[in-house]
Amino acid sequence: MNGIRDVVREEQPRERLLLEGAGSLSNRELLAVLLRTGSKEETVLKLSDKILHQFDGLRMLKDATLEELISIHGIGISKASQLMAAFELGRRMVRLEYQNRYSIRSPEDCAKYMMEEMRFLQQEHFVCLYLNTKNQVLHRQTIFIGSLNTSIVHPREVFKEAFRRAAASIICLHNHPSGDPTPSREDIEVTKRLVECGQIIGIEVLDHIIIGDHKFVSLKEKGHI
């Protein structure tokens with residue numbers, strides 16, 4: 001009996017999932033369940049290992065394109081589609097938890113709301129959350145993608161959506177692809193410019209959160225707002 005269970009453990013991840021639960025599986029085993037089969041040359045677990053190695057683990061894999069996936073020997077359109085669909089479902093499930101008028105009472109609340117969506121992005125994304133008078137999220141919008149500087153982040157684009165949504169206040173966020181959320185001089189200058197504009201037009205910029213890899217910095221807590 002122990003021998004059979006050892007085979008299940010090592011070579012049949014789907015059966016192990018049924019016996020022990022999905023939480024007991026490693027990343028390679030979960031990936032193998034999604035792939036279902038290997039190729040003529042290698043088992044499904046070997047194929048899983050190859051994929052994880054190619055993308056340096058889950059961090060890069062979650063944003064893999066169709067072209068990148070099918071470039072791997074043993075991955076065709078069908079397997080690539082299964083993986084991409086699974087990753088998108090995961091992203092949507094994370095969003096579902098917070099989409100019903102999520103209330104932001106602290107920098108921690110804001111970071112929790114956006115962390116999983118932003119921490120793996122490979123380019124800087126500047127995002128604004130538009131809040132009502134109860135600090136509930138009315139809308140969020142990506143203002144631009146690219147390196148942050150004062151010439152790119154124009155207050156007009158930030159506050160235009162605030163007027164459209166009748167927002168009482170704004171929280172700005174952007175990610176550092178390096179994983180280190182330490183603010184740069186440009187980050188601070190952009191923040192001060194937006195705060196000044198908000199004071200003039202009567203829409204408060206509550207904070208600017210920089211997202212790293214499971215870390216964040218609040219420029220309000222740092223004294224820059």
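Every residue gets a Cβ built from N, Cα and C, even glycine.
Per Swiss-Prot, these features apply:
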- 103-225: domain 'MPN' (DOMAIN)
- 174-187: motif 'JAMM motif' (MOTIF)
- HIS174, HIS176, ASP187: Zn(2+) binding site (BINDING)
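Swiss-Prot feature annotations superimposed on the structure.
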residue	record	CB count, 10 Å
HIS174	Zn(2+) binding site	26
HIS176	Zn(2+) binding site	23
ASP187	Zn(2+) binding site	22
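With a threshold of 8 Å between CB atoms, the same-chain residues lying at least 6 positions outside the motif 'JAMM motif' (174-187) that come near it are 118-119, 121-127, 148-150, 208, 210-213, 215-217, 219, 222, 224. When DSSP labels each residue, the motif 'JAMM motif' (174-187) comes out as 3 helix, 2 strand, 9 coil, counted as helix, strand and coil in that order. Those residues of the chain, other than HIS174, HIS176, ASP187, with a C-beta within 8 angstroms of the mean position of the Zn(2+) site C-beta atoms are GLU124, LEU148, ASN175, PRO181, PRO183, SER184, ILE210, ILE211. On the 0 to 100 pLDDT scale, the motif 'JAMM motif' (174-187) averages 94 in this prediction.
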